[in-house]
Amino acid sequence: MSTAGKVIKCKAAVLWEVKKPFSIEEVEVAPPKAHEVRIKMVAVGICRSDDHVVSGTLVTPLPAILGHEAAGIVEGVGEGVTTVKPGDKVIPLFTPQCGKCRVCKNPESNYCFKNDLSNPRGTMQDGTRRFTCGGKPIHHFLGISTFSQYTVVDENAVAKIDAASPLEKVCLIGCGFSTGYGPAVKVAKVTPGSTCAVFGLGGVGLSAVMGCKAAGAARIIAVDINKDKFAKAKELGATECINPQDYKKPIQEVLKEMTDGGVDFSFEVIGRLDTIMASLLCCHEACGTSVIVGVPPDSQNLSINPVLLLTGRTWKGAIFGGFKSKESVPKLVSDFMAKKFSLDALITNVLPFEKINEGFDLLRSGKSIRTILMF
């Protein structure tokens, strides 16, 4: 029986309040309106940013259905949708690409005005919601809410991908892989023969290591306080791995001594103010580039001495790896299918969707790189 144009009842993981587990609930998912797409989820990754919402360090309206790294199949489309059709394999995009705003028209930027990151409303782009639970409206997250068997997204927030692609792997291109790989190959534009430092060896940090290697870096120094992550980092391209706890000096001083005054490129993939500063300070004062990738807590600010930049350092930030999402995601999936990079090493656990809380426990314990939930 066709579900097109009808309300669908399905399972979703609802976060009712911060610092509480997810609750598996039956929710109602409304049909897509004009220029919207309803997707049946197949695979979804657990990302640290989702956990930042649970802990309260990343603020978004609650109750909500979180999740933003996923892949699925189009179930239905609203009036006027032209870029996807029912049956297409797709990846939802937490950074949309409307193609019309000033940012989308700028070839060097990707932070589309239609995003729900800067000032989270927890709604679709028209300001309304498509989820209810027991008659109560439930907020969206980053416009895509992938911790649900079905979700509704705007057409500018979904990309059609290769019909042969394995959704349980390419779902990582929806956030973790792209968010780490892009800062190296697209934002910093790492050069062949250069020296790089990557702070944080979770799924995104390891993807940054992969990006540095793909760009031809000669030295890739991986930094983490969890030595259990070093073997995987070396497998993916790190030439050296260091633990800040092994040194009496600040880690930036250690790195400067190792690299004749500082690295060419550094990447902070944790989201802590102290490591953001260490990442900046470890890059060469005259020619280094440092990129902020990790999401810092909403309420914290940094103060810096302007001389740190005056001497010639470049300090950048990257959302979704600097990639224009709707046009870049299909290309990244094609590159994966062409074996230009592998995602297997990033996936350490696969669980049924109902075990979402167990998946978050694995993340918090440092025992997983990426856990994939299967519907």
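Placed from the backbone N, Cα and C atoms, the Cβ positions cover glycine too.
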Per Swiss-Prot, member of H68, H140 binding Zn(2+) 1 alongside C47, C175: H68
10 Å Cα neighbourhood of F320 (NAD(+) binding site): matching recorded positions from S2, C104, C175: C175
Listed in sequence order, residues not in C47, H68, C175 with Cβ within 8 Å of the centre of the Zn(2+) 1 site Cβ atoms: G45, S49, D50, G67, E69, F94, L142, G174, G176, T179
Greatest C-beta neighbour count within 10 angstroms, which of the binding-site residues G200, G202, G294: G200
Fewest Cβ neighbours within 10 Å, where candidates are the modified residues S2, S23: S2
In the chain carrying A318 (NAD(+) binding site), residues 6 or more apart in sequence that have Cβ under 8 angstroms from it: T179, G182, P183, V187, V291, I292, V293
Rounded inter-Cα distance in Å - C175 (Zn(2+) 1 binding site), V204 (NAD(+) binding site): 8
S2 (N-acetylserine) versus recorded positions S23, G200, V204 - nearest by Cα: S23
